[in-house]
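Some features that TrEMBL has for this protein:
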type     : residues : note
DOMAIN   : A:21-81  : domain 'HTH tetR-type'
DNA_BIND : A:44-63  : DNA-binding region
Protein chains: 2
Amino acid sequence: MRVIAASTRPAKITRRALAKQQTREKVLLAARQLFTERGYEGATIRDIARAAGMSTGAVFASFADKSELFGDILTADHAALTEAMSDAAQGKTTVDSALMAMFKAGYDFHYPQLPLFAAGVAVSWTWTESSEQRNREAVRPIRDLILQQLRAGVERGELVERHDMRLVASTLWDTYVRSYRRAVFDGWSSDDLQTLLRDQVALILAGLRA
Amino acid sequence: MRVIAASTRPAKITRRALAKQQTREKVLLAARQLFTERGYEGATIRDIARAAGMSTGAVFASFADKSELFGDILTADHAALTEAMSDAAQGKTTVDSALMAMFKAGYDFHYPQLPLFAAGVAVSWTWTESSEQRNREAVRPIRDLILQQLRAGVERGELVERHDMRLVASTLWDTYVRSYRRAVFDGWSSDDLQTLLRDQVALILAGLRA
């Protein structure tokens with residue numbers, strides 16, 4: 001009897017947890033689409049609930065507010081991006097080719113949802129300190145991947161550690177993020193951005209060449 | 001008689017133009033304060049009109065919408081900043097000291113109104129193409145000042161033109177803008193930012209040293 005009860009209970013919890021998870025995913029999917037179409041300010045929780053086919057109360061049962069919902073989308077994207085960038089850098093034998101493969105993976109990832117990317121950068125300038133901390137945690141693995149490639153370049157004798165490598169990684173990441181302005185406002189293609197970024201990577205690494 | 005009429009008319013127009021100008025300035029002053037306190041999204045035209053002591057109709061007589069009002073503030077700031085940076089670079093005899101004097105003038109200018117600066121960067125990621133074009137026009141003289149200092153460095157034999165100097169100027173400007181995140185989210189002082197930026201300028205210029 002006890003054994004049956006014990007084995008039934010986790011199953012019930014799992015079903016409930018599964019339903020909750022499915023609700024979250026429906027909300028996130030609807031929110032992602034609306035943020036992409038209307039930007040962060042243009043999409044309300046009411047719009048998102050309607051698009052997901054549920055009440056605003058059901059949305060609030062899963063997310064404290066719009067900012068948490070948006071933060072969850074950004075965090076999920078950063079996790080997916082970390083994986084895509086890590087895969088892309090595999091087997092590359094120079095710093096430049098590894099970094100450019102990573103950044104290309106980033107462009108491939110964000111190009112289909114450029115307005116969402118722009119909304120993410122926009123919101124990141126005015127959100128709360130806790131949102132900022134959360135986002136830094138999500139971006140850190142990507143900066144670490146960049147740092148790893150720089151250190152591999154030093155080990156191969158391609159680069160010399162003349163500057164703080166964390167600062168170099170940050171400067172590269174910032175330059176990559178900034179490059180999206182050309183996509184958003186000038187309609188530049190991913191190839192155009194890669195050409196621009198290749199020059200900027202060359203500039204930033206120039207003083208570190210062995 | 002005609003002479004008197006001719007001389008009176010411009011005076012009338014001038015009085016009217018002066019009144020219109022004073023209204024604009026009152027609105028801009030109130031708007032600047034509210035955008036600084038509440039951010040771009042948080043301040044409505046209604047709030048701004050009330051703070052300026054006039055009707056929303058009177059505000060709309062001077063500005064088409066909130067975005068135009070905000071754009072006017074940014075444009076005025078960029079013009080003032082161009083002058084402050086130009087003055088700061090006067091008499092500096094090295095590229096690094098000239099650039100750092102310019103960027104220090106920038107920090108001095110924006111520190112008293114950091115939330116307004118952050119709101120400006122935030123909005124710049126999601127505004128219209130015409131706002132973007134307008135802002136680029138306003139920022140161009142600052143990028144030109146940076147470019148001028150790079151060229152002066154080449155003339156003095158400090159730097160060698162190994163990269164597209166416009167790209168170098170853009171990369172420096174982007175890095176300067178990005179540095180404000182440390183002020184906004186980590187409470188870094190202007191001195192802290194200058195230390196960080198000095199390292200980044202050294203990194204970016206390293207490959208151009210003669």
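Just so you know, glycine gets a Cβ as well, placed from its N, Cα and C.
Any TrEMBL annotation is an automated prediction that lacks curation.
Because the structure is a prediction, the values reported are computed rather than measured.
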Distal contacts, the DNA-binding region (A:44-63) - CB-CB under 8 A, six or more residues away: 20, 23-24, 26-27, 29-31, 33-34, 38, 69, 72
Within the predicted model, mean pLDDT of the DNA-binding region (A:44-63): 96
Helix-strand-coil residue split for the domain 'HTH tetR-type' (A:21-81), DSSP-based: 53 helix, 0 strand, 8 coil
